[in-house]
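Features as listed in TrEMBL:
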TRANSMEM  7-26  transmembrane segment
TRANSMEM  46-65  transmembrane segment
TRANSMEM  77-95  transmembrane segment
TRANSMEM  101-118  transmembrane segment
TRANSMEM  138-160  transmembrane segment
TRANSMEM  172-190  transmembrane segment
TRANSMEM  245-263  transmembrane segment
TRANSMEM  283-305  transmembrane segment
TRANSMEM  317-337  transmembrane segment
TRANSMEM  349-370  transmembrane segment
TRANSMEM  391-411  transmembrane segment
TRANSMEM  417-438  transmembrane segment
Amino acid sequence: MSPEGKNLLNIVILGFGFMFMFTAFQTCGNIEQTVLKSFNSTEFHGSGYTSMAIIYGVFSASNMIAPSVVTVIGPQLSMFFSGLLYSGYIAMFIYPYTWSFYTASVLVGIGAAVLWTAQGNVLTINSTDNTIGRNSGIFWALLQFSLFFGNLYIYCAWHGHVHITDKDRQTVFISLTVISLVGCFLFFLIRKPDPEPAPSGTAESPPHAESTESCSAASSARPGLWSQALDAFVRACKMFATKEMLLLSVSIGYTGLELTFYSGVYGTCIGAMTRFGQDAKSLIGISGICIGIGEILGGSVFGMLNKCSRFGRNPVVLLGLITHYVAFFLIFLNIASDAPIAPEEGTDLQAYITPSVGVAMFSSFLLGLGDSCFNTQLLSIIGFMFRDNSAPAFAVFKFIQSIMAALAFFYSNFLLLHWQLLILVLTGFMGSVTFFMAEWTAESSRRESDYDSI
């Protein structure tokens, strides 16, 4: 197999591994607040929102050490062991206890930082400047199939259920745990990419080959390993203060806020809308499917097909912002303001219009489409601008995103829906403006370096 074919196969395997893992984890995050409200135990006092806030808070803090871990054990083992922590968190819901619930939240936060840093590194070392956009789209589309399959299962399992019984919960989470473990073992199929050939007439190794070597599992045998780990940590701290990363930080932060909204808050809102009828709980699964369709469509069009490459990334981000604004307006009209914090029985408050399941599902689709616009372009621009330091760059990316997601899960415990939407509207606008500035910087750098368009 040619080196390019091997790299593409690695990206596809990476995407499938994450698809299986996040079929389990994203489905878990989408339903856990609803499940915990239905849990019959006087000894359990956990909150799904609080758990996710802990996960993303620890995730954020752990991102500064994640590059060192990836340097020490390599990206493959990093993703495998992190995946086991994800599986343990999901398995905890089979017989949940308050102490195990929050302990698992801390552990999966640590694992998430290592997992996503390793993912960014594998994506970068298996891509060139010409293929980073395509590969980002392939990975993103495969990852978001997780929303489709997991939530389809939830819809079929819970259709017609007004209350989630212990048996319903245990059946679902046993299945999700097995699915997550399958994804963990798929990472062992990823092969080390071939180094790029050195330019003729020079003895210097290309930066890409150096990056590949430093992040392979075999790196543990090289001398000075811990100094390399320390160097990765220092580079991550320095990278955080660069002009390019500071510009991108606002748009990255926005993706963290809207990640919380579409992956946890909005599903809870739909499940709480008694005016949707007795199938409101199963509609959480349909909503997740619609989000997944939007994510897959966006990842395919703007990544795999790479239709907008000649115009740069800014039009795609602008489309994402407009799409989200339409979704936020429809949700504001269609969902009762107290839906995010309603009790297990739901809310009887009237929204601004007669609640419509069709409008709710269309809003879910728009949330997914807009999210894919932002994330595919962020993956692409970070992979291009920080190509020679991909692990620290993606660690900083996830640090910013996760700390904002933790903040959003925290305020979701008490803020009414319209205030949460207002926060998203304001940060989305600021994030888009700063992304445009960062893209203009990247375009200038590309022209000066005579790079081809991504």
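Backbone N, Cα and C define each Cβ position, glycine as well.
The transmembrane segment (7-26) and the transmembrane segment (417-438) are not in contact, since fewer than 3 Cβ pairs between them lie under 8 Å (pairs 6 or more apart in sequence). Between the transmembrane segment (138-160) and the transmembrane segment (391-411) there are fewer than 3 Cβ pairs closer than 8 Å, counting only residues 6 or more apart in sequence, so the two stretches are not in contact. Scored on C-beta pairs under 8 angstroms, the neighbour of the transmembrane segment (46-65) with the top count among 77-95, 172-190, 245-263, 349-370, 417-438 is 245-263. As a quick check, the transmembrane segment (391-411) and the transmembrane segment (245-263) clear the bar of 3 or more Cβ pairs under 8 A, pairs 6 or more apart, so the two touch. Residues 144, 147, 258, 261-262, 266, 270, 273, 275-276, 283, 286-288, 290-298, 319-321, 323-324, 326-327, 330-339 of the same chain lie 6 or more positions beyond the ends of the transmembrane segment (349-370) yet place their CB under 8 Å from a CB of it.
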